[in-house]
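Written below as structure tokens is the structure these notes are about.
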Amino acid sequence: MAEAATGFLEQLKSCIVWSWTYLWTVWFFIVLFLVYILRVPLKINDNLSTVSMFLNTLTPKFYVALTGTSSLISGLILIFEWWYFRKYGTSFIEQVSVSHLRPLLGGVDNNSSNNSNSSNGDSDSNRQSVSECKVWRNPLNLFRGAEYNRYTWVTGREPLTYYDMNLSAQDHQTFFTCDSDHLRPADAIMQKAWRERNPQARISAAHEALEINEIRSRVEVPLIASSTIWEIKLLPKCATAYILLAEEEATTIAEAEKLFKQALKAGDGCYRRSQQLQHHGSQYEAQHRRDTNVLVYIKRRLAMCARRLGRTREAVKMMRDLMKEFPLLSMFNIHENLLEALLELQAYADVQAVLAKYDDISLPKSATICYTAALLKARAVSDKFSPEAASRRGLSTAEMNAVEAIHRAVEFNPHVPKYLLEMKSLILPPEHILKRGDSEAIAYAFFHLAHWKRVEGALNLLHCTWEGTFRMIPYPLEKGHLFYPYPICTETADRELLPSFHEVSVYPKKELPFFILFTAGLCSFTAMLALLTHQFPELMGVFAKAMSDIFCSAEFRDWNCKSIFMRVEDELEIPPAPQSQHFQN
């Protein structure tokens, strides 16, 4: 019964929609016919005469007040529309018209929409999963104590947001802890330290973990089987405590490097011991996974310290060795550190070799990969590139490849060119970035701006060609050219990652709908007329009379000119030529 009732209601609704869509003229004439028949019982003539009498008795002040009230209501609607547009990025009236009025007028077929939703469900879910805004660890992140804190001491501004630091705390708990940490006192202390919000409390906990390891303890390990001779050993050093001190307490890169070297000595020993025991159970396997993450992190940060201190070749060697030793750990994105160091050495052939390995369609892209590929192709033609010459003779094959590479990079992250061309000021990059977002653009430009400046003409080529990308993707939120559509959620995530004193770059820029602009103009013009009429009624009356006379005279002049032209055409009409005498009979 319920299904039958539902089907009957759907049929009734479809009939009503069909009647409103195709038979609106019939409905209109039916209404007029009913009004004509019921004109006597409804006393329409008397009501019309009463209304006309009421309107004739109204004074000009009433119309002024009515105009002012309508202007006030229009202004309130405009303010609400502007607020709704700033918050949600769309017009409220347009959304209501499309979402509610259009289905009532028969613009949407429920059956077809359901079928399309069921058939395209997989593609929609894939689109959502791809466009989901995932936050990534910045592979080129700075040191808190030696770089971020020094910036705070000088400027008084906090370069990191609470959301960014909270993500870092979650990363540290994921990389540097495991379920068996409670069995070792130092690791148990560090497990609590990574959750601590106060920096001084974290540093104190790291010192406490190191002090525990200074106590000599008797480890019951027989030197000889079935022997009563015991060896006295020192507890292994806590590598994660050294990591925390190097990241947050060290005020210079040199101090951080010393602490990381001590962490490397402790972490390497723990890694070798857990490597031998990893197959003895899930607990040992988790410890080995944790020790591997700790060792990779320490070596990567040591390479970054060498890069900061000017030992670039040493840093490149350390990064290459680390990538060979742990090829499966791609979550640290060490290849991006390697690309930046190779660009500093101007080893462009090695950079091309790294790009050939990582610039693959199956791997996730980044601004570093896309813009480095564009830089290499621009380097081949940028020194001889001239916009005037290119407009005359056209682009060569190499120039076309460079322009296409720039368009590809700009489509992936459209925020980078403004920082490379110094149209926007740079800030310290955050510890986490959003791919294709403003945070990734800042992180890339902060380290790679010098490499673009070093290549002669590269920034000039970028300046001349980067805006051409937007003509290829007129609707970037709906359809991309080489990549997926640009995600909508980048602005919100970037505002969480970047400090409040930075103006977040928004793409694509939200433009005010025509309805809001038209309402604003009409409201302002009507309010101005009402105010002038109230203040200067006689002058506005003269002005209105003059405008009506002008329009009437203009219409009369147009009609008079047309009549004159018609008379002239009639008078200038050429009569037919007489026949020649040679053809008369």
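Cβ atoms here come from the backbone N, Cα and C positions, even for glycine.
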Exercise. Per Swiss-Prot, which of 62-82, 335-355 is transmembrane segment?
Worked result: 62-82
For this session: Annotation N-linked glycosylation site in Swiss-Prot: match it to one of Asn47, Asn110, please.
Result: Asn47
Exercise. Which one of the recorded positions (Asn47, Ser386) has its C-beta surrounded by the most other C-beta atoms within 10 angstroms?
Worked result: Ser386
For this session: May I ask for the distance between Asn47 (N-linked glycosylation site) and Ser386 (phosphoserine), taken between their Cα atoms and rounded to an integer number of Å?
Result: 78
